[in-house]
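> Questions regarding the structure given below will be posed in turn.
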């Protein structure tokens, strides 16, 4: 075995030399140089100082501007809430523990940090599933004249939290556990040990199949069908240019969100699965730390993509920041297209067609 297992931790280094210490009690500078922990601190500070304001502003802008309270936006607000949970209860903890060089909050704090990190990532993933299904239903019309209403959006939000809790909560109650990972200053599910007391292997398989592979398949199926429908509709020129443009831009925005999520989380999932299937293999703390910390950047992608690609939302955000005025004079330019983009899921499907 090329690692050292202890009570509630696994350090990816053999203790033959006697240097390995509990990541809850001692700095882990034998795993990585102190400057690397300072880099993590700077990275966490960047995520906190950018992720918290932009996600909070997303909620504030939606609350202040009634025209933004449309069913599709409910899901985007849900994403912002999940990202805020990660920033408040995950990033702040990691910043402090990285500054100290070890997980100073003990096993309980590790479980809390790991729980919120997993919960936020899962809410984001299942929110993207709901968005993909919404796009598929509205554009491809498998259910005919289906209206995606506020009730459907709220049901979708409830679904995302139920699924996220079903993934994040079990380690708190004995099915697997949260332990320090990588450089031992952030926590995640136990991919590393065979400990029969926690049934780690069954949980990891459950998590990978139900909470990663399955939703990714749904997303790619939905967008695969959507792309075919878009090409077909473009060839037939079925609807007005304004409606087609609005639908096309909303779809492009959601696809970018999916790509951003996959870019952030796929490296982490791949490395974690490799460690799980090669228990006892030699790997460095940095091998797991880099994708683990990179995955946290997903909290920035969604609001940035939405602000950049939705003109109406962008104008409302600028107006809110500038105390009711838009210095760029772009307040309601292209209002027809913007309104269509914002309300694209609240109109009947007979009025919505892809471009």
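For all residues, glycine too, the Cβ spot is worked out from N, Cα and C.
Nobody curates TrEMBL annotations by hand; they come from automatic prediction.
Not my notes, these are from TrEMBL:
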CARBOHYD  2  N-linked glycosylation site
CARBOHYD  15  N-linked glycosylation site
LIPID     322  S-palmitoyl cysteine
LIPID     323  S-palmitoyl cysteine
MOD_RES   296  N6-(retinylidene)lysine
TRANSMEM  37-63  transmembrane segment
TRANSMEM  75-99  transmembrane segment
TRANSMEM  111-133  transmembrane segment
TRANSMEM  153-173  transmembrane segment
TRANSMEM  203-223  transmembrane segment
TRANSMEM  254-276  transmembrane segment
TRANSMEM  288-309  transmembrane segment
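In terms of burial and nearby residues, how do these features look in this structure?
Around the Cβ of residue 2 (N-linked glycosylation site), 11 further Cβ atoms fall within 10 Å across all displayed protein chains.
Counting every protein chain shown, the number of other Cβ atoms lying within 10 Å of the Cβ of residue 15 (N-linked glycosylation site) is 14. Residue 15 (N-linked glycosylation site) carries neither a helix nor a strand DSSP state and counts as coil.
Around residue 322 (S-palmitoyl cysteine), there are no C-beta neighbours below 8 angstroms that are at least 6 residues distant in the chain. Residue 322 (S-palmitoyl cysteine) carries neither a helix nor a strand DSSP state and counts as coil.
Counting only same-chain residues six or more apart in sequence, none has a Cβ lying under 8 angstroms from the Cβ of residue 323 (S-palmitoyl cysteine).
DSSP assigns residue 296 (N6-(retinylidene)lysine) to coil in the three-state reduction, placing it in neither a helix nor a strand. Taking a C-beta cut-off of under 8 angstroms and a sequence separation of 6 or more, residue 296 (N6-(retinylidene)lysine) has the following same-chain neighbours: 44, 47, 86, 90, 91, 94, 117, 264.
Residues 72, 75, 78-79, 81-83, 85-86, 89-90, 93-94, 105, 156-157, 159-161, 163-165, 167-169, 171-172, 177-179, 186-189, 211-212, 215, 218-219, 222-223, 254, 257-258, 261, 265, 295-296, 298-299, 302 of the same chain, all 6+ positions outside the transmembrane segment (111-133), place their C-beta atoms under 8 angstroms from a C-beta of that stretch.
For the transmembrane segment (153-173), the residues of the chain that approach it from at least six positions outside its boundaries are 71-72, 74-75, 78, 82, 111, 114-116, 118-119, 122-123, 126-127, 129-130, 133-134, 189-190, 203, 207, 210-211, 345, judged by C-beta separation under 8 angstroms.
Listed as Cβ neighbours of the transmembrane segment (254-276) (distance under 8 Å, sequence separation of 6 or more from its ends, same chain) are residues 79, 121, 124-125, 128, 131-132, 135, 188-189, 191-192, 201, 204, 208, 212, 216, 219, 223, 283, 287-288, 290-292, 294-298, 301-302, 305-306, 309.
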> What Cα-Cα separation, expressed in whole Å, is found between residue 15 (N-linked glycosylation site) and residue 2 (N-linked glycosylation site)?
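Cα of residue 15 (N-linked glycosylation site) to Cα of residue 2 (N-linked glycosylation site) measures 9 Å after rounding.
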> With a Cβ cut-off under 8 Å, give me the same-chain residues at least six positions beyond the ends of the transmembrane segment (288-309) that come close to it.
12, 32, 40, 43-44, 47, 50-51, 54-55, 57-58, 76, 79-80, 83, 86-87, 90-91, 94, 117, 120-121, 124, 181-183, 186, 188, 249, 252-253, 256-257, 260-261, 264-265, 267-268, 270-272, 275, 317
